[in-house]
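Beneath this line is the structure, given in structure tokens, with notes to follow.
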Amino acid sequence: MPYVIPAMFLPVLYVVTGIAGPAAAFAPWGHYIPWMLLAGMILTYIFDDAGLLRRISYWAILKTGGSFNGLLYGLMISGVVIALILPDIASRTVLFVAIAFGICKALELPPLSRRASAVMLAGVMSALTPSYIYYTSAAQTLIAWEAASGSGYTISWLRYLLYNGLPTLIWCFLTILIIQVLFGRAKKEHYKSYFEEEYRKMGKLSIKEKKLAVISLGLCLFVVLESYHGIEVGWGFVAAVFLCYLPGINLGTEHSYKDANYALIIFVASCMAIGAVSNQLGAGVFIAQNLQPYLSGGLVHMVAASWLLAVILNFVMTPLAAVSCLSGPLAGIVNTMDAPIVPVMYAWNQGLEQIILPYEYALILLAFGYGYISLKHFIGFFSVRMVANILFVVIVYLPFWMIFG
């Protein structure tokens, strides 16, 4: 059954059975998150049509030398840049995986080879990993902090960047280093010449690309200045899409909004509704009471336990469902124990990103489905990444957060 069907049915079921009223079941549609994600999808198509995404990717690859390793790091650099502008993680993944697949084909990398696995893994990681640098770049982050607001916790875009930007940036390049170490090196010849030729074919910046660059700069200023204008940052992305369709700007096309994945928006809103209805029914308090004994302890224990809980839940729930259902109770536990919220919520989100098998995360399954990543390479990389992640959270993130209070 397509996931959108139960996603449509669930909030209706809440209302007709009397479990919750429309105000709770459809509350997510009054929040900026679904609208921001839809705007992000449309913006992604607009950027792709203009060629700006591919230009940024090729530029970053050339700046890192054009070698095989430079290709991997260049993809990640472009991912860090693009995550700031385009908030929809699913659309970014589709585009980055397509770029990585195109590179594999152009460089004639054999399917299931070490090189092909490396490029495809670097592509999908370049879309996913930078998402946690910025507050608005992953639905999981937004939903988690929205749930935490019920326990009195709020965080601004800039403060989130201060707490998580630098360590997550380091983690992004550590992820590429893991790929580099696991899958070896390749000669520099041929790769640089290919990207130079592709970049040359794109020519100078077009009028469309220049218009998009100006809108992107304005959008960046809007999110950075959130604490001054007081408008929730998600609405800025909706305004950016509106600007793209104004006469005289004409960046958006009919296909930009028709091809958007509306089913995913409904799914996200339905997942958020689970959390809203759970809170109304008091389920969050019940869950918190049962989880608290396992999370009680020092800060290191609490961070590690929340990370481990997320990893375990990944085997039975989607990340969005888990973050919608349990972020509120988790924040409530942290509140009762008078512990700092940022380390726990971040470790929780990082844990939800850790997988072993492709089926655990639909966006990563998309990359695996191209048939260029060996299952052996897939399991090997994500197993090493999982161990490295918890060590990085405890050894690097925690001291960093302590320094910044």
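Backbone N, Cα and C define each Cβ position, glycine as well.
What TrEMBL says about this protein:
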type     : residues : note
TRANSMEM : 7-26     : transmembrane segment
TRANSMEM : 32-53    : transmembrane segment
TRANSMEM : 65-86    : transmembrane segment
TRANSMEM : 116-135  : transmembrane segment
TRANSMEM : 160-183  : transmembrane segment
TRANSMEM : 234-252  : transmembrane segment
TRANSMEM : 264-288  : transmembrane segment
TRANSMEM : 294-316  : transmembrane segment
TRANSMEM : 328-349  : transmembrane segment
TRANSMEM : 355-375  : transmembrane segment
TRANSMEM : 387-404  : transmembrane segment
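Long-range contacts of the transmembrane segment (387-404) within the same chain: residues 162-163, 166-167, 170-171, 174, 178, 299-300, 303-304, 307-308, 340, 342-343, 346-347, 350, 353-354, each at least 6 residues beyond the stretch ends and with a Cβ under 8 Å from a Cβ of the stretch. Cβ atoms under 8 Å from those of the transmembrane segment (328-349) belong to residues 132, 138, 140-141, 144-145, 147-148, 150-153, 155, 163-164, 275, 278-279, 284-285, 287-288, 291-292, 295-296, 299, 302-304, 306-307, 309-310, 393, 397-398, 401 of the same chain, restricted to positions at least 6 beyond its ends. Stretch with the largest number of CB pairs closer than 8 A to the transmembrane segment (234-252), among 32-53, 160-183, 294-316: 32-53.
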